[in-house]
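What TrEMBL says about this protein:
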DOMAIN    A:17-246  domain 'ABC transmembrane type-2'
TRANSMEM  A:20-41  transmembrane segment
TRANSMEM  A:53-72  transmembrane segment
TRANSMEM  A:109-129  transmembrane segment
TRANSMEM  A:135-159  transmembrane segment
TRANSMEM  A:171-189  transmembrane segment
TRANSMEM  A:222-243  transmembrane segment
Ligand SMILES: Nc1ncnc2c1ncn2[C@@H]1O[C@H](COP(=O)(O)OP(=O)(O)O)[C@@H](O)[C@H]1O
Ligand SMILES: [Mg+2]
């Protein structure tokens, strides 16, 4: 077992051991969204030609679950380790900062995918229509999960207290996800807000993912892919830089 | 094979600045392979900072540290493989059982199957019956022993223990020291910080005293003790005057409720001291000669250095 695989294994085992909180609970939350929004808005909104509102909402919720849980995984794991002090167990061994990065981000992606998959399975009861382009779906899930896993790492490194992490989550991650077009197509927004939405990288994750599912989207999946890919590269570079310097982790 | 002349730990010009505070103010220190070394000093002296720097948990503002010849920042992989650290704080990971934790920790050092050694560690630390218990369910003393096991999963040649017996009961302390002594006999270098001075006196071959980020004394334990060569004559007497005659006052080390501690260098001086006590009108009830201990050495050396 390499240092990297041991750390990855630890991170996976960590969320799996508390699977009720980390997997079951978020699946149930998404289903509540689906039942409530689907029930209230079904028939009133039709964001995409030929797709029911519930049908439109499901992939958005799946992707939102992937993103939020990927963020939650790395950020909460790190902040808990920092606050309890057991972070030293991963700082004392000969683990490189690249291995550290990869293990935390991959574990976050896995948690995101597991929860997303759970939401998708459950949503079969509400009528899922099938997937038009599976590779696009996979690509956006992995990239989106990796971006949020990386953001979670940044937040976990930066925050000294749970409050600060919660602020990061509430004032940055939540609004960006909510305003990314999970519940609506941004075409239904006034021109100005459409423009604003285009500044939100989360919009392209959701939109690209929806292209994979329906074969139709607000913008080209290639454009989304380039934007989301660039965002990941930039964030990863920043995070690797922080880890290499030992920012907040090695006094 | 490592060169036996390479110091187990070598510290050169170590400075650690926290804002205006110098936690380490230029430390130079070589600890040889196979030593049982004591790092002593009052709270805030910089012991933990020094240990954290050599473990790579803290980065020095200036200076350099090597573990078995490997510089701890540039050559961190090798340096960390050679080092096992038992931290001062009682930290634990609440998600795992003792055995899971030790397996994961082995994995961090690239060791795949380690159960034989893990079982040996658990047996030596009297933890075998707790192997499958979650960390949360362990008492403080047990958690402390798990920390020791965690530091040893990769059989490091250099083992550093930062106040490992703080808050540990006496029986457990004995178990721990037996084990650490055994490791030292098997050629592991041991570095220990402690507040229990008799512990350092009993265990350590050499001692460094740290104060305000500086080493104020560094010598073999017997030499450190000799620096305060004062054996003391302890006299219990009735009717001692409040103001002692000058001769006695000059030799006085301590006085409490009818007991005097008097300094002497040669046995020939004892008779004179006893006579002086009798002449002051007091009735001697008991006498004893006390040996110097590290506690006393410690206080004296610390005082010398603040003059
Ligand atoms: N992270 C830190 N930030 C600021 N000051 C610190 C930090 N860590 C330690 N110190 C200070 O450095 C000094 C040495 O601390 P420490 O090494 O823990 O001492 P010891 O272990 O000998 O009790 C103390 O004054 C302590 O307050
Ligand atoms: Mg300390």
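For all residues, glycine too, the Cβ spot is worked out from N, Cα and C.
Keep in mind it's a predicted model, so treat the numbers as computed, not measured.
Scored by C-beta pairs under 8 angstroms, the transmembrane segment (A:53-72) has its highest count with A:109-129, from the stretches A:20-41, A:109-129, A:135-159, A:222-243. Count of Cβ pairs under 8 Å against the transmembrane segment (A:109-129): among A:20-41, A:135-159, A:171-189, A:222-243, the largest is for A:20-41.
When Cβ-Cβ distances below 8 Å are used as the criterion, the transmembrane segment (A:20-41) is approached by residues 53-54, 57-58, 61-62, 64-65, 68-69, 72-73, 111, 114-115, 118-119, 122-123, 126, 183 of the same chain, each at least six residues removed from its ends.
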